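Colleague: Structure below; questions to follow.
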Amino acid sequence: MDSHEVLLAATYLLGTLAAFCLGQSGRGFVGAQVMLSGSNSKCQGLVEVQMNGMKTVCSSSWRLSQDLWKNANEASTVCQQLGCGNPLALGHLTLWNRPKNQILCQGPPWSFSNCSTSSLGQCLPLSLVCLEPQKTTPLPTTTLPTTMPEPTAPPRLQLVPGHEGLRCTGVVEFYNGSRGGTILYKAKARPVDLGNLICKSLQCGSFLTHLSRIETAGTPAPAELRDPRPLPIRWEAQNGSCTSLQQCFQKTTVQEGSQALAVVCSDFQPKVQSRLVGGSSVCEGIAEVRQRSQWAALCDSSAARGPGRWEELCQEQQCGNLISFHVMDADRTSPGVLCTQEKLSQCYQLQKKTHCKRVFITCKDPNPVGLAPGTVASIILTLVLLVVLMVMCGPLIYKKLVKKFRQKKQRQWIGPTGVNQSMSFHRSHTATVRSQVENPAASHVDNEYSQPPRNSRLSAYPALEGALHRSSTQPDNSSDSDYDLQVAQRL
């Protein structure tokens, strides 16, 4: 072997060694089985590697940036190894969020020589989206227009975490096949039908309103996301009266300064809580609402001049129909909150006010206040005592009343009762004059007028004695009566 051949052999060996070293450091996936899981396609899903079992790679590995599209250039070789097209996105996507055993890798991109196990929940899984391979079909007789690969999944919508953490509110993202992004918002065109279709597809009820740019920018991040940002604008609405998602949106180029479509649906959660305070029952009082963990008075609003808001509030308190409502005078020391929607169920945000006109609500109480248990017990005890007294004292009182009535009935007046007649006396109808004389004690019991007073010498019947005295001088009329009726008649 001459010197020229030796030099060529040495150069070949050095080149092979250099290529091997560069390959091991720059493309560590060589020799490691990399696959994408979590979808029906081999070209999109969570990045997993075979290392004593399948491991899911964290999105913070190899110090990747948060820009999904910038990271895509680092995955060209991986997509080719998987038999897919060019890479589209590399980073954390919420499409697939069921990682297995997670590992965090350091060093050059796609190097698995310096990886450590990470506990579940400490890092977000890494996702990769590659272009689907084109299907090889026989050439048709006519030239077909160039089209994108057929989508592997039906088109769908997704909401970026909503306003103040509310469910069913936020920026709308549309995914159709391998293309995903937000929708261009045009303030001049606000089709309600499109909003209803979006909320219905998301199972969030009906469309309420659009979120402004300030409200969208102020959307807080969930705890599990470090830098949440919606995808770039890649779609725009093309038909406001569409019936399917594919008919509603068309592709568009990214425009700087454009606003993404953000909606609020009727089924947002949590809802505003309400109550009535300061009244005689839970169905009467001043309307208050709960914002976060504090209660505040609900101020009167021009958006709710009718009874609709207050009827809904009565229903929330499980009361009857609305009876009345009136606005109270504003007080400097009475702050509150304002709802700009017509009904409380539509209020996704509340505005603070320093001078609040409170509203006093009166609803029909389905359970009116009855007698207190103590009052009922007192009434029952009183009735029991009354019955006992009637049983014990009733017969005795009855006997006394009957006796008194009979004694009064036994007394009668005998004699003239004319104006010019002066003779009158009282006697018992059961006793005669003779019996009175013969048995004075018994007569005194029946008639207290039958005996003269013990301490007096006067007669008990002066008129009768006078008549008898005068009749003694007259001829005897052979009358069997105790006294002369003719003389008594003259008197």
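Glycine residues also receive a Cβ, built from the backbone N, Cα and C atoms like all the rest.
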Colleague: Could you pull the disulfide partner of Cys319 out of Cys283, Cys339, Cys347, Cys356, going by Swiss-Prot?
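Modeller: Checking Swiss-Prot: disulfide partner of Cys319 resolves to Cys283.
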Colleague: Given 217-241, 417-441, 467-491, which one carries Swiss-Prot's region 'Disordered' label?
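Modeller: Residues 467-491 are the ones Swiss-Prot records as region 'Disordered'.
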Colleague: Identify which of Cys265, Cys299, Cys314 is listed by Swiss-Prot as the disulfide partner of Cys363.
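Modeller: Of the candidates Cys265, Cys299, Cys314, the one Swiss-Prot pairs with Cys363 is Cys314.
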Colleague: Mind checking which of Cys21, Cys79, Cys84 has the disulfide with Cys43 in Swiss-Prot?
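Modeller: In Swiss-Prot, Cys43 forms its recorded disulfide with Cys84.
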Colleague: Taking Cys58 as one end of a disulfide recorded in Swiss-Prot, give the other end from among Cys123, Cys130, Cys168.
Modeller: Cys123
Colleague: A 10 Å Cβ contact count, applied to the glycosylation sites Asn114, Asn176: which residue has the minimum?
Modeller: Asn114
Colleague: The transmembrane segment (369-398): which same-chain residues, six or more beyond its ends, come within Cβ distance under 8 Å?
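Modeller: Long-range Cβ neighbours of the transmembrane segment (369-398): 280-281.
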Colleague: Tally of helix, strand and coil residues over the domain 'SRCR 1' (34-131) according to DSSP?
Modeller: 17 helix, 35 strand, 46 coil
Colleague: Which three-state DSSP class does Asn176 (N-linked glycosylation site) fall into?
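Modeller: It is in a strand.
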Colleague: What mean pLDDT does the predicted model reach across the domain 'SRCR 1' (34-131)?
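Modeller: Result for the domain 'SRCR 1' (34-131): average pLDDT 82.
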